[in-house]
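As recorded in TrEMBL:
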DOMAIN    38-98  domain 'LIM zinc-binding'
DOMAIN    99-160  domain 'LIM zinc-binding'
DOMAIN    219-279  domain 'LIM zinc-binding'
Amino acid sequence: MSDRFDCKNCNESLYGRKYIQVEDNPHCIPCYDRLYANTCQECKEIIGHNAKELFYEDRHYHEHCFRCFRCDRSLADESFTSQDNGLVCSDCYCNEFSSKCVACDKTVMPGSRMLEYGGSTWHEDCFMCHGCEKPIGAESFIPDKNKYYCVPCYEGRFAPQCSQCKKALTKGGVTYKEKVWHKECFFCAGCKGPLAGQPFTSQGESPYCVKCFSSLYAKKCAGCKTPITGFGDGKYVSFEDREWHQPCFKCSRCSVSLVGSGFFPDRDQILCTDCNNDD
């Protein structure tokens, strides 16, 4: 009597029948499909032993069920992604979710070189200078209203010129007497020290720092003999050909302040009313 050769699960003879070995145990086809075959994610039917099976992550599909859920095209040989547990081909995904280039109105494909600015998107080659009409690409640019310029075009068309070096002023700078300078070009006509952010004054058309202006042009106080610059507490009193800082304008004898009071000149001195009456 020959040895038995039965299905491990249902014990039916496998002689003359197809079977599948699982861990060294033979199974008839119906038992194998029922016990081990995967269920198709799409149609929920068993994926039989003789069917071509595709899988993505932990999901399994019949080949004919592995399709884009929007356009129904087969994804067997196509690139795709997953959305809300459904499969979407690249074209459908890009049409719905990818940005469009504001220049050519075509989809900016994921992974392609692009530029984003102010909520808009361009293909890198579509981002053009409105001046020379050449691609700006990843180079620096300057926006002007709804137009974009490469740096050379913007400087040549719109940027003001520095009064000192005559080169374009694209950012920052100093404005004085309706003229503009680069910060590093705005310096004292005397010592050549930088004036940006510092107190300064001018003599004619030339700017001067406080120290240079004081030593070169400022009048001297008749009281303390130091320059009257007009900076800080710059109020002063002028009488005939003499000037005083306000705190220095006081009686030559008793030192009482004469600001807002009557006074009397006495040769090189100025006297308050009381000291003048004493004479």
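The backbone N, Cα and C atoms fix where each Cβ goes, glycine too.
Note that the structure is a prediction, hence the values are computed from the model and not measured.
Remark: secondary structure over the domain 'LIM zinc-binding' (38-98) totals 11 helix, 20 strand, 30 coil, with classes taken from DSSP. Mean pLDDT of the predicted structure over the domain 'LIM zinc-binding' (219-279): 83. With helix defined as DSSP H, G or I and strand as E or B, the domain 'LIM zinc-binding' (219-279) counts 9 helix, 21 strand, 31 coil. For the domain 'LIM zinc-binding' (99-160), the number of residues in each DSSP class (helix H, G, I; strand E, B; coil) is 10 helix, 20 strand, 32 coil.
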